[in-house]
Amino acid sequence: MNPASVPPALPPPGQQVIHVTQDLDTDLEALFNSVMNPKPSSWRKKILPESFFKEPDSGSHSRQSSTDSSGGHAGPRLAGGAQHVRSHSSPASLQLGPGAGAAGSPAQQHAHLRQQSYDVTDELPLPPGWEMTFTATGQRYFLNHIEKITTWQDPRKAMNQSLNPMNLHPAATSTPASQRSMAVSQPNLVMNHQHQQQMAPTNLSQQNHPTQNPPAGLMSMPNALTTQQQQQQKLRLQRIQMERERIRMRQEELMRQEAALCRQLPMEAETLATVQAAVNPPAMTPDMRSITNNSSDPFLNGGPYHSREQSTDSGLGLGCYSVPTTPEDFLSNVDEMDTGENAGQTPMNINPQQTRFPDFLDCLPGTNVDLGTLESEDLIPLFNDVESALNKSEPFLTWL
């Protein structure tokens, strides 16, 4: 009995058994040969469906013989009436060929509804430079020979939108997007069209569709567009004229308001100029200067403006003092005491509103008169003048 044919005994649970093969080199060589030099196996030994080993009956499943992509030529069909699935994913399924329209089923006739919704624009002629052609599957597209573009969109729809008064600016930005979408969906068609433009323009006249030839009404489209442009220019001109009229009326209204404000001012223009030259405040308007220099009540003048009036019942205002009561001989004594070079120019440079208030205080300590330089006989008339100013019956200061 060959010990190699005896099956090895199962090891007890929990124990591992190590087998040592005698011909290890032979087994490794067989493994390398099976990997490096594989032998071809039969297709029958592989798990494949039964339809894989059957030859096709005909070529009806090819792309060229499908119903909606044959371009109107009757191709062979299957007994079950199955159509190619690839053709339904393309835009060619939206419109059938000329030869398949009569014998189409109700489901195929329903696919024509999307095309018939745009039949209103078929009566209008194409714009200048445009041409409508059809693909091999019956899908129509439009060529612009002026701008060298190809699009699925009908340019007559954009022209109808431009003729509408509410839509003066048609959506022309959809042309590049539609051109890109057409180039992505059917690149062979775009390349074929570019090749036809480079080779010979006479190939465009070989199409058998009746709308390729420009109709007689195509020559009237520039006149219609010119009329529409004239209407737009008239509307724009009317808007400009209305705006100019509103500006003119506004200017007249401003002039009337200015004249009314000038009539409401209580003082004349010459008086205002004189006061402005004398006072010359940097940030006062004419109406504020008139109220400031006028001693009457500003509300009696009838002016529409209200400003801050000067105080007439306190010592803080500028108009609360009376006529200066300094005697003439006192002023002459002051002129004799001033021995500076610019003594005569000092009263001219000082603001009159600042020198009129402290008239009798010039002889007191802390003023511009030095009492140490005066003699005793000179001080007596000064004190008398101060007493006469303080003992007046009509006081010029009102204490609150």
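Quick reminder: no glycine exception, Cβ is built from N, Cα and C everywhere.
What Swiss-Prot records for 61-70, 192-211 is compositional bias 'Polar residues'. Swiss-Prot lists 91-110 with the feature compositional bias 'Low complexity'. Annotated ubiquitin cross-link per Swiss-Prot: K46, in sequence order, evidence recorded as similarity to another entry. The annotation domain 'WW' is assigned in Swiss-Prot to 124-157 on the grounds of sequence analysis. The phosphoserine annotation in Swiss-Prot covers S62, S89, S295, S311, and the record cites similarity to another entry as its basis. As annotated by Swiss-Prot, region 'Disordered' applies to 52-117, 192-216. The annotation region 'Required for interaction with PALS1' is assigned in Swiss-Prot to 222-400. The annotation motif 'PDZ-binding' is assigned in Swiss-Prot to 394-400 on the grounds of similarity to another entry.
Summarising model confidence by region, the region 'Required for interaction with PALS1' (222-400) averages a pLDDT of 62. Residue counts of the domain 'WW' (124-157) by helix, strand and coil are 3 helix, 13 strand, 18 coil (DSSP-based).
Taken residue by residue with DSSP, K46 (ubiquitin cross-link) is part of neither helix nor strand, so it is coil. Counting only same-chain residues at least 6 apart in sequence, none has a Cβ under 8 Å from the Cβ of K46 (ubiquitin cross-link).
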